[in-house]
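Marked as active site, nucleophile by Swiss-Prot: Cys390. What Swiss-Prot lists as active site is His516, Glu518. Annotation source Swiss-Prot lists UTP binding site at Ser18, Lys193, Thr194, Lys195, Pro196, Thr197, Gln198, Lys229. Annotation source Swiss-Prot lists CTP binding site at Ser18, Asp153, Ile154, Glu155, Lys193, Thr194, Lys195, Pro196, Thr197, Gln198, Lys229. Annotation source Swiss-Prot lists ATP binding site at Ser19, Leu20, Gly21, Lys22, Gly23, Ile24, Asp76. Taken from Swiss-Prot, the feature L-glutamine binding site applies to Tyr59, Gly363, Leu391, Gly392, Met393, Gln394, Glu414, Arg471, supported by sequence analysis. If you look up Swiss-Prot, you'll see Asp76, Glu146 marked as Mg(2+) binding site. Annotation comment: Swiss-Prot describes 1-272 as region 'Amidoligase domain', evidence class sequence analysis.
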Amino acid sequence: MARPKNVKHIFVTGGVVSSLGKGILSASLGLLLKSRGLRVAIQKYDPYINVDPGTMSPYQHGEVYVTDDGAETDLDLGHYERFLDEATSQQSNLTMGRVYKSVIDKERQGEYLGGTVQVVPHVIDEIKERMGELAKNSNLDILITEIGGTIGDIESLPFLEAMRQLKLDFGPKNMLNIHLTLVPYIKAACELKTKPTQHSVKMLLETGIQPDILVCRSEKPLSREIKNKVGHFCNLHELDVIGLSDCDTIYGVPLMLLNEKLDIRVLKKLGLKKYKEPDLAYWKEFCNKVQHPTDGEVTIAICGKYTEYPDAYKSILESLVHAGADNNVRVHVRLIRAEDAEENGSDVKTALEGVHGVLVAPGFGDRGIEGKIRFVQYARENNIPFLGICLGMQCASIEFARNVCGLSEANSTEFSKRCRQPVIDLMEHQKKVKEKGGTMRLGSYPCILKEGTKAHQAYDKFLINERHRHRYEFNNEYRRLFEDNGMVFSGTSPNGELVEIVEISNHRWFVAVQFHPEYKSRVHCVHPLFSGFVAAAKEFAHGARQLSFEPEAPSFQVMPGAEN
């Protein structure tokens, strides 16, 4: 395989245990190299057989991150975008399922000329071809590829073999491997143990790959003695053993790696000599705001269906960190399980005690819906800043229909197929869709904002583009009734047909959106809705003068025929 001219490749692998932070390492290295004036992109290769994570349970996979071009991808792509301030795409995430599907499709079309299709060479060649696509189609200096999984997993072997072959094809000056491992601290012995790292490197060597740089995660900083020992047993110079001890925030990782001179070692090994000194002044200022806010703290309640597994809301959590720094406050997040308000008769007032903002999170299915609706109602009636996202917007619409518009049977056809008052309904083009994978309304779409609304005030422009992931929408048959009762439709599709944003004008801050603003919040560009939401929570927390506000009493202006 020919290497795209001048593109250097870095492969990041992980060993010992999963969830060590390969994505954060890749994003941090990318940031350091970009700050030196290099053009960098990052891609993620996942070893599972699913074509994409779109149909996977949030409990198993965490958040599904959606790109501008509508790809449903791994949550690590969110880290790449937040750190590098560069958009990713479908090309940025490859699964083994997509590789096998492509190989099988080619076999069915006769492209292998009757040959026996095997992992070697056909699957490996497919992987190698895909590994170079992003480099071919982009103006890059460096392409970082994160290999998912842990060394020793059988699923990762084809990716590792492709990586081994590429190093032979490209040459050592054009490709290197960074291996992330764990150096556990044993409290009983008061000692860092290097044996797991040694065994992980041994397993990597069995695949024919000698790591060029080791990054060692640990609770405590690595001494020079430990680095020397690890290097001695893993065939590396001690300068190529990088320590990465625990940080208070993931945004401190690039600064720690800068101090460890990881970027300098990478540049030297790749033969890159012309580069500028990194300028991370903004990043340092951001980290200082995150760790040492000057205006106190706020508590935001996230009401969701998957709160037992916070990675399901990874981009939302990080967006709140960004918004907190933007408002000079520390954001404490209280994760609230939506079903608790249904199953245990939970007191919503008690659950939200001390909360300065309520966020009803995205999700699918009817589990926990009535609980979410109760939390929406409490936030609306008690003038607590509120943000609803995707399903959260739909729950806000249902709550408003029931408790303000007098539509007691209002619901979504997602939860009740024969709903008599469907304020949320399946989109017309979705009604004939049978397959689940990759068939939702996905990716970036334009939205027109209404002047004088909170949404327009936050964005400070009339045309925006946001990323979507949904099948259901607000039923336009009810728009007039909602408007008559005080709901403002502050954002719609350019043709005015699809409701994107709803808000209540006489509420402190009540905004709900059909799209996913969390996918576009970055360190360098905090999302305006999250910033506005946290600003309202900050004002609420600091006891600012409350707006003159009374909850809307049910007006019972029923649509003609709605009582039937």
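Numbering starts at 1 and runs along the chain as displayed.
Cβ from N, Cα, C; glycine included.
On the structure: features taken from Swiss-Prot.
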{"residue": "Leu20", "record": "ATP binding site", "DSSP class": "coil"}
{"residue": "Thr194", "record": "UTP binding site", "DSSP class": "coil"}
{"residue": "Lys229", "record": "UTP binding site", "DSSP class": "helix"}
{"residue": "Leu391", "record": "L-glutamine binding site", "DSSP class": "helix"}
{"residue": "Arg471", "record": "L-glutamine binding site", "DSSP class": "coil"}
{"residue": "Glu518", "record": "active site", "DSSP class": "helix"}
Least Cβ-crowded entry, counting other Cβ within 10 Å, from the recorded positions listed as Lys193, Lys195, Lys229, Arg471, His516:
Lys195
Nearest of the recorded positions (Ile24, Gly363, Gln394, His516, Glu518) to Lys195 (UTP binding site), judged by Cα-Cα distance:
Ile24
Taking the Cα atoms as reference points, how far is Gly392 (L-glutamine binding site) from Gly21 (ATP binding site) in Å?
30
Of the recorded positions listed here (Ile24, Gly363, Cys390), which is spatially closest to Pro196 (UTP binding site) when Cα positions are compared?
Ile24
Compute all pairwise C-alpha distances among Ser18, Asp153, Ile154, Glu155, Lys193, Thr194, Lys195, Pro196, Thr197, Gln198, Lys229, the residues listed as binding CTP, and give the largest one in whole angstrom.
31
Round to a whole number and give the Cα-to-Cα distance in Å for the pair Gln394 (L-glutamine binding site) and His516 (active site).
13
Would you count the other C-beta atoms found within 10 angstroms of the C-beta of Gly392 (L-glutamine binding site) for me?
26
Where the record names Ser19, Leu20, Gly21, Lys22, Gly23, Ile24, Asp76 as binding ATP, the maximum Cα to Cα distance in Å:
12
Which whole-number value in Å describes the distance between the Cα atoms of Ser18 (UTP binding site) and Ile24 (ATP binding site)?
13
When the pLDDT values for the region 'Amidoligase domain' (1-272) are averaged, what is the result?
94
L-glutamine site span - longest C-alpha distance across Tyr59, Gly363, Leu391, Gly392, Met393, Gln394, Glu414, Arg471, in Å:
23
Cα proximity to Met393 (L-glutamine binding site), best match among binding-site residues Gly21, Glu146, Ile154, Lys193:
Gly21
